[in-house]
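J.: Pasting in a structure now, in structure tokens, and then I'll have a few things to ask.
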Amino acid sequence: MASTGRVLLLSPPSLSSHPEKLNAILGSHTRDRTDLQMLDRLVHGLVSLPASTYDIVLLLTGADNTLAEPYSLVTRDIIQQVVHSLKPAGKLRSQDNKAWGLRSSGNNSDDDNDNDELTFRNEAILAGLVFDDNGELLKPDVAAQQAVPLKLGRRKKEKERRHPSGNDVTNGKVNAPSSNGVNASTSTATATATTTTTTTPKTNPAPSGVGFIDFSDDYGVPMEEDPQGSDDELIDEDELLGEDDMGRPIVQPPECRPKPGKRRRACKDCSCGLSQKLEAEDKAKRATADKALETIMAPTMKLGSSELAEVDFTVQGKVGSCGNCSLGDAFRCDGCPYIGLPAFKPGEEVRLLNNDVQL
């Protein structure tokens, strides 16, 4: 099973307690071109995989010689890291050397292993892998794909072919020779060709590095009346994700993860879900604070609109024991009943309505 390319072995943690099995697997590969990583270290983010490095990533079986343990550890984030580490045209294989495209479809809901295989296969496809002719998971080589040219202006060309202009055909054929001995039909055709050549409009070349698409022949043609219209179907983006996908936890990209002890702010055009997460946390904290405030304020006595406390200072010289009640808080004693009220003139009527001062 030795390979000439660079190989990455993904080992479940149970093999660490069976070194004889792990050594046997390592012995079947070229040691200087083989790397070994433990799945649990990848899951906890203790190690990271280099980009576009491996030709083959081999998923090892557990101590029970099944893929049940690796399936339970491999998440969408791990598969994305594996795909990122594969070279173009690199393959993801399993130790049992059975292609995932040839495995059971997983329709038997009683078989948990089939369901795990189906989930793993779907996650691999969502991460960008495809099946080759042998049913193996392959990372497509995007650079090798050919570009399809856009053939625009076909309606204009068909219209010119069906209804040619008058400059391209003669109005009639005259076989009588002219005065200079040249056939009239030949001279007419020559003149027509000369006219066509000289009247061809000159087009200004497009600026370097700028591409232009001519949609002038498509104006005014409704889509339902277009016999050769595009076959593209409109896709409802809400149907692309199911209930299981919506219920999955949000995987935060490494660049969006905050530093220890700090809270990272969401980007202005956040698309990873961090903005919604922070907004939900703020709402929860605000609701908790409001509830705690209501609990504290519950035993406090509150005066209704019909309850009015009136302090009468119409009598001159009527002051408190300190004699500074009307001067303001800076001059009032600690037990003054008017602490918090603005300064007022002796003899002025002060009303307290719903804890609001009305002079």
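Each residue, glycine too, has its Cβ placed from N, Cα and C.
Per Swiss-Prot, the feature region 'N-terminal SAM-like domain' maps to 1-148. Marked as region 'Disordered' by Swiss-Prot: 97-116, 149-210. According to Swiss-Prot, the feature region 'Linker' maps to 149-246, an assignment based on sequence analysis. The compositional bias 'Polar residues' annotation in Swiss-Prot covers 167-183. The compositional bias 'Low complexity' annotation in Swiss-Prot covers 184-200. Positions annotated as region 'Fe-S binding site A' by Swiss-Prot, on the basis of sequence analysis: 256-272. The annotation [2Fe-2S] cluster binding site is assigned in Swiss-Prot to Cys256, Cys267, Cys270, Cys272 on the grounds of sequence analysis. As annotated by Swiss-Prot, region 'Fe-S binding site B' applies to 322-336. Positions annotated as motif 'Cx2C motif 1' by Swiss-Prot: 322-325. Annotation source Swiss-Prot lists [4Fe-4S] cluster binding site at Cys322, Cys325, Cys333, Cys336. For 333-336, the entry in Swiss-Prot reads motif 'Cx2C motif 2'.
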J.: If you count Cβ atoms within 10 Å of each one, which of the binding-site residues Cys270, Cys272, Cys325, Cys336 comes out on top?
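T.: Of the binding-site residues Cys270, Cys272, Cys325, Cys336, the highest Cβ count within 10 Å belongs to Cys325.
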J.: Could you state the CA-to-CA distance between Cys270 ([2Fe-2S] cluster binding site) and Cys336 ([4Fe-4S] cluster binding site) to the nearest Å?
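T.: Distance between the two Cα atoms comes out at 55 Å.
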J.: Within 10 Å of the Cβ of Cys267 ([2Fe-2S] cluster binding site), how many other Cβ atoms are there?
T.: 12
J.: Just to verify a number: CA distance, Cys272 ([2Fe-2S] cluster binding site) to Cys336 ([4Fe-4S] cluster binding site), in angstrom, no decimals.
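T.: Between the alpha carbons of Cys272 ([2Fe-2S] cluster binding site) and Cys336 ([4Fe-4S] cluster binding site) there are 58 Å.
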J.: Between Cys336 ([4Fe-4S] cluster binding site) and Cys267 ([2Fe-2S] cluster binding site), what is the CA-CA distance rounded to a whole number of Å?
T.: 53
J.: With helix taken as DSSP H, G or I, strand as E or B and everything else coil, how many residues of the region 'Fe-S binding site A' (256-272) land in each class?
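T.: Its residues divide into 1 helix, 0 strand, 16 coil.
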J.: Which numbers of helix, strand and coil residues does DSSP report for the motif 'Cx2C motif 2' (333-336)?
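T.: In the motif 'Cx2C motif 2' (333-336), the DSSP-based counts are 0 helix, 0 strand, 4 coil.
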J.: Taking the region 'Linker' (149-246) alone, what is its mean pLDDT?
T.: 56
J.: How long is the line from the C-alpha of Cys325 ([4Fe-4S] cluster binding site) to the C-alpha of Cys267 ([2Fe-2S] cluster binding site), rounded to the nearest angstrom?
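T.: Cα to Cα, Cys325 ([4Fe-4S] cluster binding site) and Cys267 ([2Fe-2S] cluster binding site) are separated by 55 Å.
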J.: May I have the DSSP-based helix, strand and coil counts for the residues of the region 'N-terminal SAM-like domain' (1-148)?
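T.: The region 'N-terminal SAM-like domain' (1-148) comes out at 59 helix, 29 strand, 60 coil.
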